[in-house]
């Protein structure tokens, strides 16, 4: 195999470049959904099987002193459940690999297990296998999750159409704000305890929207779904590029929570920009046929007692993203999540 | 959930104790084969789906200066293919998660990819998904592999019967000797270059016995299979405890390669003991109905041009392991792989 790169250091490569390095072994005949939230292959009894995998590493994704083992166990599984939710799937089982440093207490491990298994039980999934080993310094958690979905309910990133309305299932930015609060507690002493707690909780214990994903998947008018893990801007770009459409994001319409507004001291434009960059929201982003929007919003509200927020539209043309405020395009600062070194 | 441990440090726990901590979420109704080389769930068209996952970590499983990136890529996939082989399965696809330190060169990564993809192509499997992230210091490789097997060909660790003959598909100990050569090159300067090379190659580029596993799985007289990853002693114990039989290992019969004998300067008893402890052999260990042994050995030799070595027997009674030499039980030193801290 020829090198497709000039000699470079890893930290000069984007995650996409690294993924593309391995792309030649991705044969489409073995399944669809590659590059989506889950891979899609044939499952039992005519259903499709979904698989997703996530790596969570100390010092990169969390600091041991910032997060309780219980919350960490919950979050490690939640981010995988969110991938199943984004495909409209039903989670089935998971595989857990752990590398643990010697200085870790058994108490820490039991609390980690408790957080993980409580969430597993809530979603009725079982641990099917895994691997344990020691590590030199850092905790490593690798979870692979499986699920199923009926073929007709499958919602890929590539299925959005020009004219579709882009919606999100909940408020944005809370997790990214919670991360900032954890990283620099002194800077945000103006926040009330309740607001601080809610932001940090969004970051540390995201609630995967499995029930919403499953319900939305049954709607024919819902064309495409993705979970918001990289942030609205990046995840919207994923839909746009895979659906070969443009996308407009209406910043004024982004749903923002009260604690998030308090975090930004009510500077709304700044809050909107930060929410658009975000990251780790674990809400669902979906493209819906415009004609059916109102009805689906109404039923969604009845079913989940929370609104489905319209935040943008898919456009004909190049897969480019525009952000609009007061009806006019504005340019946001380039996001921090672009490079591997910053992830 | 109640703590099932007294407060202890992680390094006082065995791998089994850590696995048992999570055991309560393992519901048998979701599948079989838990605690086997792969999990077994329902797959498409009446076949069973196999899944296995392995974590490979720098400083724990390898040192970057000791192994070429190409060999590492090959080995990381090989250990997973070996788990599919042990179930008599046909590998289908895999998921690759990588955590990479900033100082790694892109050249290293392309070589790693090459080693991995050459082996993937040889077994006709595709990369179906994964995750990439940076790491603080060490390379982390997590691979999850899937495969299929016809229900009637499934060979579990629990299926051995008293009276069965225990066999291995190739020579033992080469990998463990190769590891020693790499760790303390000066100690083994008496080895010829060719012998040294062969031992190191066994350690760094194990050949998963997928074709042999698939062939053996079709034989009704083959009752149980496992791949030799933990070493003959430990892996035989896995079969014994899961099949609720005793097991006798005949040390005099262990197949030893010429380079391995040279490594031990022809001290055969010492070589046998070391081969029995071993580790990372990635040969198959299987229990065969005694009446059919001769015929299967003959056909195996015809098919693969290498013998199937009889090395022990399964016994009625407690799931205990005995090692015999010259027909008499002898006690081997307790193995180094027992504790998590030593893995």
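Every residue gets a Cβ built from N, Cα and C, even glycine.
For the domain 'PurM-like N-terminal' (B:35-149), the mean pLDDT of the prediction comes to 94. Look at TrEMBL and you will find B:35-149 tagged as domain 'PurM-like N-terminal'.
For residue B:83 (Mg(2+) 4 binding site), other Cβ atoms within 10 Å of its Cβ number 27. The feature Mg(2+) 4 binding site is assigned by TrEMBL to B:37, B:52, B:83.
Annotation source TrEMBL lists Mg(2+) 3 binding site at B:37, B:83, B:227.
Cβ neighbours of residue B:54 (Mg(2+) 1 binding site) (same chain, under 8 Å, six or more residues apart in sequence): B:76, B:79, B:80, B:83, B:142, B:143. For the recorded site, residue B:54 (Mg(2+) 1 binding site), the DSSP three-state label reads strand. Annotation source TrEMBL lists Mg(2+) 1 binding site at B:53, B:54, B:131.
The Mg(2+) 2 binding site feature in TrEMBL is assigned to B:54, B:83.
Look at residue B:280 (substrate binding site): DSSP puts it in coil. Annotated substrate binding site per TrEMBL: B:61, B:280, B:337, in sequence order.
Taken residue by residue with DSSP, residue B:229 (ATP binding site) is part of neither helix nor strand, so it is coil. The number of other CB atoms found within 10 A of the CB of residue B:229 (ATP binding site), across every protein chain shown, is 23. Annotation source TrEMBL lists ATP binding site at B:130, B:131, B:157, B:229.
Here TrEMBL flags B:161-317 as domain 'PurM-like C-terminal'.
Residues or ranges marked as Mg(2+) 5 binding site by TrEMBL: B:230. All chains included, 22 other C-beta atoms sit within 10 angstroms of the C-beta of residue B:230 (Mg(2+) 5 binding site).
Taking the Cβ of residue B:61 (substrate binding site) as reference, no residue of its chain lies under 8 Å away while being at least six apart in sequence. In the three-state DSSP reading, residue B:130 (ATP binding site) counts as strand.
The two recorded residues, residue B:280 (substrate binding site) and residue B:157 (ATP binding site), show a Cα separation of 18 Å. Excluding B:37, B:52, B:83 themselves, the residues of that chain whose CB lies within 8 A of the CB mean position for the Mg(2+) 4 site are, in sequence, B:36, B:38, B:50, B:54, B:80, B:82, B:84, B:86, B:87, B:145, B:227. Under DSSP, the residues of the domain 'PurM-like N-terminal' (B:35-149) split into helix, strand and coil as follows: 38 helix, 49 strand, 28 coil. According to DSSP, residue B:157 (ATP binding site) sits within a helical segment.
Each of the binding-site residues B:52, B:53 was scored by the number of other CB atoms within 10 A of its CB, and the lowest score belongs to B:53.
Using a 10 Å Cα-Cα cut-off from residue B:52 (Mg(2+) 4 binding site), none of the binding-site residues among B:130, B:157, B:227, B:229 qualify.
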